[in-house]
Amino acid sequence: MAAVAGLYGLGEDRQHRKKQQQQQQHQKEQLEQKEEQKKIAERKLQLREQQLQRNSLDGYGSLPKLSSQDEEGGAGHGFGGGPQHFEPIPHDHDFCERVVINVSGLRFETQLRTLNQFPDTLLGDPARRLRYFDPLRNEYFFDRSRPSFDAILYYYQSGGRLRRPVNVPLDVFSEEIKFYELGDQAINKFREDEGFIKEEERPLPDNEKQRKVWLLFEYPESSQAARVVAIISVFVILLSIVIFCLETLPEFKHYKVFNTTTNGTKIEEDEVPDITDPFFLIETLCIIWFTFELTVRFLACPNKLNFCRDVMNVIDIIAIIPYFITLATVVAEEEDTLNLPKAPVSPQDKSSNQAMSLAILRVIRLVRVFRIFKLSRHSKGLQILGRTLKASMRELGLLIFFLFIGVVLFSSAVYFAEAGSENSFFKSIPDAFWWAVVTMTTVGYGDMTPVGVWGKIVGSLCAIAGVLTIALPVPVIVSNFNYFYHRETDQEEMQSQNFNHVTSCPYLPGTLGQHMKKSSLSESSSDMMDLDDGVESTPGLTETHPGRSAVAPFLGAQQQQQQPVASSLSMSIDKQLQHPLQQLTQTQLYQQQQQQQQQQQNGFKQQQQQTQQQLQQQQSHTINASAAAATSGSGSSGLTMRHNNALAVSIETDV
């Protein structure tokens, strides 16, 4: 029985050897096919280099692209049996070689001279676009937006005209412009075409302390402290406006009594506030903050002349000046109350002086209302409104001009139409201007109305003309407002959101061979782990089992071979990345990949030879064990021999 079992085990061993030989033959055929493909690709690159050399020597354009038969069959033969020569075709332009660009699977073809028009861009610079070159497919690959590349390629073909496709969002196209490195000039031109007005660059102070103070008061978004300062400024502005309105209430007014005659008195409002007045004290606190803010901003500004020319700073100055004039008036009245000798003044001069001073004080108090425009520094809505009015000055001028023509025309018409009526409200043409303005703006107070039939007809025509006149320029003003509003919101969204698009995976030097090495290395290591798990989980296979001792050297050899391969891979990657990409041509890149793949094949062959030697030693050991088992007649040893043979064959198959 033992001899039969040994013969049965040898038969299985032969079958496994046969399968192993078939697998090795299949692997050898695959390697030969890969080598043929590499030779063909290398031949293509050599032909392309020869074409470029001929072009540089002869001064002509590039050669026409070879046919597939010429590329695959090497150097073709002409009709006479000799080698066929490709003569360059004369051109008027250089760089007529066609370039294939693959954008997410969509292939584009263009001429090299088209891309070379913009050498500072990604596609125009040979060193930069070489990172994305695939030598096996002989094309450049970009994993980017396909619809956007139509406009990018048209930018090169048209000589610098950039047009965004309708189906591409604005943010996506902006990212594509940045990726292809078209430059700041192209980006600014694109933003102008899309309606984004280029904002003027606001310089910062050179001194570090001045820069911090300037950012603190001028840019509320720069820090948390700047936001606090902005909130305080807004609160003080609102408080001053509320005080300005509340002090005009009758219960808060101050009155003076004047003796006009012997038995007559006159009561008038006191235009000069008292120093102890609560409103005046609050106004003083607000002015202290406004003055402090304006002074600090002036001292920290980078350009004093531009600071004085700014409209917002002029408004700040106008909002402060009335207080100091009022304060000077209060101090002057306090001096008048003192019993000091004064020159006699006539009653007429005194009344005229009082009227003049009251008029000046009222104008000064009116100027305080301009403080409300200080809110525009902290309000995006007011800034948009100001930009809209500034951009619509022409339309507003046309509106006022049309209203002026209508007012003159219809006020004259209604005056002559109502001239014969006894109860007419229109005493003169200038007196009818008010009625024409109120009617054309469709307000209609009713204080002046036509009485006669002809006057009513003129009033009807005036109302219709006013509706048409006002309605014509209003849509243009509204469209300007929508434009500035959407532009502001789009800019805020682009600044607040970070668009994380899929970036291209460039073909860096050596990446083609490294991927194959890493995959083969991971597969071999996973196979070793599975083999080790299988050995440990095999029933009856203990540490003293002969199968364990036969497998252990093989696993140790594989682990020792894995470490130098991984270290050599990392060293080769580091060395290749240290070389400047500008000095690598397509031929050098491919030659490096060929050398790496050749080293991989040599290592694989050495590993295969070592494995075969180990298997031969294991087979001789198992044959000796089977012979010993046959002589002893032990059934258990025959079973052990079969188990060892099966284990050795499984090891050889996995390798």
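Counting starts with 1 at the first residue shown.
Keep in mind that glycine also has a Cβ here, set from the backbone N, Cα and C atoms.
Taken from Swiss-Prot as is:
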TOPO_DOM  1-224  topological domain 'Cytoplasmic'
REGION    1-87  region 'Disordered'
TOPO_DOM  247-278  topological domain 'Extracellular'
TOPO_DOM  301-311  topological domain 'Cytoplasmic'
TOPO_DOM  333-357  topological domain 'Extracellular'
TOPO_DOM  379-393  topological domain 'Cytoplasmic'
REGION    380-393  region 'S4-S5 linker'
TOPO_DOM  416-429  topological domain 'Extracellular'
MOTIF     442-447  motif 'Selectivity filter'
TOPO_DOM  450-456  topological domain 'Extracellular'
TOPO_DOM  486-655  topological domain 'Cytoplasmic'
REGION    515-548  region 'Disordered'
COMPBIAS  519-528  compositional bias 'Low complexity'
Helix, strand and coil totals (DSSP H, G, I; E, B; other) for the topological domain 'Extracellular' (416-429): 3 helix, 0 strand, 11 coil
Checked against DSSP, the composition of the motif 'Selectivity filter' (442-447) is 0 helix, 0 strand, 6 coil
What mean pLDDT score does the topological domain 'Extracellular' (247-278) have in the model? 63
How about long-range neighbours of the topological domain 'Cytoplasmic' (301-311): same chain, 6 or more residues beyond its ends, C-beta under 8 Å? 203-206, 210, 214
